[in-house]
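Participant: What TrEMBL shows for this protein is this:
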- A:C659, A:C665, A:C699, A:C703: [4Fe-4S] cluster binding site (BINDING)
- A:C703: siroheme binding site (BINDING)
- A:20-307: domain 'FAD/NAD(P)-binding' (DOMAIN)
- A:343-408: domain 'NADH-rubredoxin oxidoreductase C-terminal' (DOMAIN)
- A:443-490: domain 'BFD-like [2Fe-2S]-binding' (DOMAIN)
- A:579-642: domain 'Nitrite/Sulfite reductase ferredoxin-like' (DOMAIN)
- A:650-786: domain 'Nitrite/sulphite reductase 4Fe-4S' (DOMAIN)
Amino acid sequence: MTTLQERPDTDTEPLDTRRRLVVIGNGMAGARTVEEILERGEALQFRITMFGDEPYGNYNRIMLSHVLSGEETDADIFLNTLPWYEENQITLHAGVRVTRVDRFAKIVYGSDGSATDYDTLIFATGSYSFMPAIEGLRTDDGELLPGVFAFRTIDDTRRMVEYAQHDEHRRAVVIGGGLLGLEAARGLQTHGLVVDVVHAGAHLMNAQMGPQGGDILRQSVEKLGIEVHLKARTTAIIGEDRVRGVWLLDHPQLECDMVVVAAGIRPNVDVALTSGFTVERAIVVDDYMRTVDDPDVYAVGECVQHRGEVYGLVAPLWEQAVVLADQITGVDTSSAYLGSRTATKLKVAGVEVASMGVLGPEREGDEHIVFSEPTKGIYKSIVIRDDKLVGATVLGDTSKVAFLMQAFDRGLPLPDERVEMMFNLGSPTAEVGAAELADDAQVCNCNGVTKGHLVACVESGVKSVAGVMDKTRAGKGCGSCKTMVCQIVEWAAGGAVVEDPSANWYVPGVPMDKPALMVAIREQGLRSVSSVFAALAPEGAEDAKSKMGLASLLKMMWADQYIDEKDAKFINDRVHANIQKDGTFSVVPQMKGGVTTPDQLRRIADVAEKWNIPLVKLTGGQRIDLLGVRKEDLPKVWADLDMPSGYAYGKSFRTVKTCVGKDFCRFGVGDSTQLGIDIESRFQGIESPAKLKLAVSGCPRNCAESLVKDIGIVAIEGGRWEVYIGGAAGAHIRKGDLLATVDDPETAKTLTGRFMQYYRENAKWLERTYAFVPRVGLDFLKEVIVQDSLGIAADLDARIQEAVDAYSDPWKEGAAPATPGQFRSSLPLEVLPQVPVR
Amino acid sequence: MSTPLLSTSSTSATAVGTVHRLGSVDQVPVGEGRAFAVDGRQIAVFRLRSGAVHAVQARCPHKGGPLADGQIDGSIVLCPLHMNAYELATGCSTTGQPALAGYTVAVEDGELVLTVPG
């Protein structure tokens, strides 16, 4: 501090020039907003003061039902304890209610008589439990009759637990058969009480589901021993000193010792209203979360009305907090909140429930698909409009919920077989819901990661799917368990999954999606991986995990103008062979269409003998694999083979499997072998986001297994050919989709190249066609690739031709290494090979 | 072994260990790693694009992968077999594996100079 900044009066504090930010409300919305501000590194702008009605730090209100049922202690549900406020220099007035805001003088008045100045103000006042007008609910002095509880705060919950555990208290009535009411009922049961649920609606959870689902839920709940009274209005609570029972309209008296009111919530808007802010159903805000009355006053959470909607779920609140933090810090002033699609996935009273969007068909043309199995408590209802999922209710079996929520959230194209949206057909791993899975159940079969590992990782604080996958290696093998990993992380995080910002990036080290990255690369003329990092990565930092994807992208974009940096490539691509478990390599010479000659066979045999190749094996793609070759022998093996590379190692076009076709086969209707050879000659070595395996079959008997290839071509009677895309028979099994039926092999070849180029340009890194085709949509691909609806077909054809023209056989590098020691062994000095010799 | 790993000779000893001159730094291309056999140990030396050099044990503790074949950036090396990651400076794994042994290495007059403790 210089002397100029010191003030001569008794105040020894240096002049604080920070903006004064006051947050009214210390619940999930308020605290989350402050966390978002801290995360942006912009907290230094602000002197932050928070007011909380409750005398605590900030806790996860959603978990209160777990506290009630005893699954968690109240200490477990705190999100930010008091020291957190200190560490972040936030002044917390816990237990102080704000009584009034003077928005002209910019002062907040507290119930403790305090007056706090602000420059920027946030209302995060949340909601309170709605208490219907019931005779006998309150004593003469306005307090709730002893034994009557709301279910909203941690104090409510503690008092309920204490009361429920009282020996004399045997029966409870819960008023309200919504989500919260059912949770309360189940929780009270765990304390040994007999519980009745009284619900005014015609079926349970009527805000989230239709009558059929509600009926099945009622059956499930009643099986748990909870009696449900529907269309039941509570008219009075009986008892002088404490609760003795309730009166229902048209129903005899229900005796009970306690009553929990869970009849809904109402936004806390009193302070805003009396302070002159526009309040309709809640405090009205614009897309920037700003009140419509005052540019310095914002609001967030359940107390907010945005575009006519008031939300009572946690996901919208988080989306709002992000926008509000972007705005208030000025980090991203273009950030806007446009409303949320709300989806819930919960375990209500022991029953898995998921609900999203509309409850049933609303318009003409809405498809409504329902599956109902009441005895098992299973109910699934899906509403589809214009081929998009607009609503779903799932009870009892949530194995497909992750997919449904994604489809609902992102408007994904849906499978033609609608039943696939309800059941896992033939993929056993995801059949069991995350919750039911045993802790020691192995989820990732490649890396041996159990559900317990994943849950522990989430509990250690990793809240994004990508983060958990990184830490545990789950999903990093074949990738077939990713959906399951996702579901478990979501389940373990209890809805608190953090959207990983890098989820849409092409590679983790450059914060851009593929289209944006390609534009930047082209605009700045970036032709090497190191120049991409220097220009586009944060602080120009290299990232090992991003190199391979960038190298592939640049090669695709620049063809022969690409500047090849060896260190950007995976070892396979640096030595043009496939690394094996003992660090030796496998060598697969090209064998177009699976056709070879006696001369080639003789040469391969000679090479195998000369170089002591321990294992000679046929691959699944009809070629000969020489396994166990030492790195330093690679150039000599290639030289002796004197055949081009078969590309068995790269993220590239690999092989075309064929059958013998019409020349020999009794059933063959097309010359599949010739077409296979032609395709393999044309597209040899072309890089792609993931490997490409092709096949051509000479008749619909499909001996070459064309229906499970990335691109499969099948000859059919009449000289025509079917072109299938997106098939797979590896970690995932998927039958390819029919892209087109064409009249001649030439057109099949053209479509193959055009699809390949479209995939090269638009697929995510490592996204196989079996994921790409359903993501982009078959109909769309047909339009673009076959009908040329976008008018880009000629360009795609031209660009794939460029790639074809840029081909050179990598095995020629064997004659002169590209870098010093390119083929020098990196192996520890061990007896090789360690792969079995048969 | 048909081709031995580069053999090296020890030239001097200090209090912290034996110093080995591995020869020209150009044996290791920029951005890559190469393996060296030193005193019966196998050590991977990496040359970063920044010019820095790092040396760690050559064998991945997970399943014995050849780390010198791995890809690197300014801070980590990825084992080519199962993509386990290790910090070049500390040897610590960021993917839950045991740490690598690390060695002091420097470039002097264009030569790699490695210190092996003991």
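FYI, residue positions are counted from 1 along the chain as it appears here.
Backbone N, Cα and C define each Cβ position, glycine as well.
Since this is a predicted model, take the numbers as computed values, not measurements.
Mind mapping these onto the model and telling me what they sit next to?
Facilitator: The Cβ of A:C659 ([4Fe-4S] cluster binding site) lies under 8 Å from the Cβ of A:C665, A:G668, A:S672, A:T673, A:V696, A:S697, A:G698, A:C699, A:C703, A:A704, each of which sits 6+ residues away along the same chain.
Broken down by DSSP into helix, strand and coil, the domain 'BFD-like [2Fe-2S]-binding' (A:443-490) contains 26 helix, 4 strand, 18 coil.
The residues of the domain 'Nitrite/Sulfite reductase ferredoxin-like' (A:579-642), classed with DSSP into helix (H, G, I), strand (E, B) and coil, number 27 helix, 15 strand, 22 coil.
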Participant: So how many other Cβ atoms are close to A:C699 ([4Fe-4S] cluster binding site), meaning within 10 Å of its Cβ?
Facilitator: 20
Participant: Over all shown protein chains, what is the count of other CB atoms within 10 A of the CB belonging to A:C665 ([4Fe-4S] cluster binding site)?
Facilitator: 16
Participant: Using the CB centroid of A:C659, A:C665, A:C699, A:C703 as the [4Fe-4S] cluster site centre, which other residues of the same chain sit with their CB within 8 A?
Facilitator: A:V660, A:G661, A:F667, A:G668, A:S672, A:S697, A:G698, A:R701, A:N702, A:A704
